[in-house]
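Undergrad: According to Swiss-Prot, the record shows the following:
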type: BINDING; residues: Ser31, Phe32, Arg52, Lys53, Lys126, Ala158, Arg273, Val297, Glu299; note: NADPH binding site
type: BINDING; residues: Lys126, Gly154, Ser156, Lys209, Asp262, Ser272, Arg273, Asn274; note: sn-glycerol 3-phosphate binding site
type: ACT_SITE; residues: Lys209; note: active site, proton acceptor
Amino acid sequence: MILQEQELKWSLEKGKSNMTIKGITFIGGGSFGTALGIMLAKKGYNINIWDRKPHVIADINEKKENIKYLPNVVIPSNVKAYKGMKEALVGIKYVVISVPSHAIREICRNMKDYLKEDAIIISVAKGIEEHSGKRLSQIIKEELPKNPVVILSGPSHAEEVAQDIPTTVVVTSEDVKASLEVQNLFSTNKFRVYTNDDIIGVEIGGAVKNIIALAAGISDGIGYGDNTKAALMTRGINEIIRIGEKLGGQRETFWGLTGMGDMIVTCTSMHSRNRRAGLLIGKGLSMEEAIEEVGMVVEGIKACKAFYELKEKLKVSMPITDALYRVLFQGEDAKYCVYELMTRDKKDE
């Protein structure tokens, strides 16, 4: 009872201080964007959610629930969904992009005419651009050069954030002031936010871990055990480190929340769509069938293709990524790929 009273007092105090902010807009009404919007609405902010899908907009506004992406979670009254991007963005200082990574560039181009010049762009997407290999912050900065860009990443499944289960994430930016603003904006007594100055490491860790989670799911689907998953995760973090350092990231970042932490939760959680897709593929479904069954974007599939191209170009050893690419895009048998991984040349750890 005392804890509930403290939380209510804390929420009311935060709500008073938040009256000066006109609102926060989320571009994309998926599960994670909705969960973060609910969390910030509880702090007293007015939340706008823009989405293309009429049924998502209707459900949020009329039923106060995102039935498609975050069912059985009540959405507060100070959350409103919009079909028009201009209406959702005008006068807003904080804009959270929560769309699939492949849509980032198009979304930024569509937003450009409606943004305040000092609006801070916060991306919670994870991935890199196919063919160019550019990180999402680079894409956003190319399209919106006047606006500060902040990346929010870490082990944070939407289903748990929406239920106020204690969660810890990281924000990073080339603009230190913007990073600190976003840290303050998102921090609650159930959602702890650290800052980190290694934007490259944070973004690469968050993108590559989805590849490892897909592989871990396939292992589970085949019927392999904890030994196999432990090996995949441990060797997987080494792949993250190798490609991450090659791209300019710092090794210590990959052992933190946005590397090891995010990989652990994505490889093991029942909420992980990447692990779930891998599980289905391991049980015999095709990649297309697995995506349809999951019903949401599986970032690890696009990441696998993009990082396969990038590691070939940079000549970085990523054997798990290699094996997954052959399973997904060349039709090789997953068990045979595991056999190949296990019988590679002997070497020191």
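Quick reminder: no glycine exception, Cβ is built from N, Cα and C everywhere.
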Undergrad: Between Arg52, Lys126, Arg273, which of the binding-site residues has the fewest other CB atoms within 10 angstroms in the structure shown?
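TA: Least crowded of the binding-site residues Arg52, Lys126, Arg273, by Cβ count within 10 Å, is Arg52.
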Undergrad: If you count Cβ atoms within 10 Å of the Cβ of Glu299 (NADPH binding site), leaving out that atom itself, what do you get?
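TA: Glu299 (NADPH binding site) is surrounded by 25 other Cβ atoms within 10 Å.
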Undergrad: I'd like the Cβ neighbour count for Ser31 (NADPH binding site), meaning other Cβ atoms within 10 Å of its Cβ, all protein chains included.
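TA: A 10 Å sphere around the Cβ of Ser31 (NADPH binding site) contains 23 other Cβ atoms.
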Undergrad: Can you figure out which of Lys209, Asp262, Asn274 (the binding-site residues) comes closest in space to Ser31 (NADPH binding site), comparing Cα atoms?
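TA: When the Cα distances are compared, Asn274 comes out closest.
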Undergrad: Between the binding-site residues Ser156, Ser272, Asn274, whose Cβ has more other Cβ atoms within 10 Å than any of the rest?
TA: Asn274
Undergrad: Express the distance between the Cα positions of Arg273 (NADPH binding site) and Gly154 (sn-glycerol 3-phosphate binding site) as a whole number of Å.
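TA: With distance taken Cα to Cα, Gly154 (sn-glycerol 3-phosphate binding site) is 15 Å from Arg273 (NADPH binding site).
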Undergrad: Measuring Cα to Cα across Lys126, Gly154, Ser156, Lys209, Asp262, Ser272, Arg273, Asn274, which the record gives as the sn-glycerol 3-phosphate binders, how far apart are the two most distant ones in Å?
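TA: Taking every pair among Lys126, Gly154, Ser156, Lys209, Asp262, Ser272, Arg273, Asn274, the longest Cα gap is 15 Å.
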Undergrad: Far apart in sequence but close in space: which same-chain residues, 6 or more away, have a Cβ under 8 Å from Lys209 (sn-glycerol 3-phosphate binding site)?
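TA: Within the chain, Lys209 (sn-glycerol 3-phosphate binding site) has Cβ neighbours under 8 Å at Gly236, Ile240, Gly259, Asp262, Met263, Thr266, Cys267.
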Undergrad: Enumerate same-chain residues with a sequence separation of six or more from Gly154 (sn-glycerol 3-phosphate binding site) and a Cβ-Cβ distance below 8 A; give 'none' if the list is empty.
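TA: Expected: Thr167, Thr168, Val169, Val170, Gly206, Leu257, Thr258, Gly261, Asp262.
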Undergrad: Per the record, NADPH is bound by Ser31, Phe32, Arg52, Lys53, Lys126, Ala158, Arg273, Val297, Glu299: how many Å separate the farthest pair of Cα atoms?
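TA: 22 Å is the greatest Cα spacing among the residues binding NADPH.
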Undergrad: Looking at the binding-site residues Arg52, Lys126, Glu299, which has the shortest Cα distance to Ser272 (sn-glycerol 3-phosphate binding site)?
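TA: Looking at Cα distances from Ser272 (sn-glycerol 3-phosphate binding site), the smallest one goes to Glu299.
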Undergrad: Measuring Cα to Cα, how far is Ser156 (sn-glycerol 3-phosphate binding site) from Glu299 (NADPH binding site) in Å?
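TA: For Ser156 (sn-glycerol 3-phosphate binding site) versus Glu299 (NADPH binding site), the Cα atoms are 15 Å apart.
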Undergrad: Expressed to the nearest Å, what is the distance separating Arg52 (NADPH binding site) and Asn274 (sn-glycerol 3-phosphate binding site) at their Cα atoms?
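TA: For Arg52 (NADPH binding site) versus Asn274 (sn-glycerol 3-phosphate binding site), the Cα atoms are 24 Å apart.
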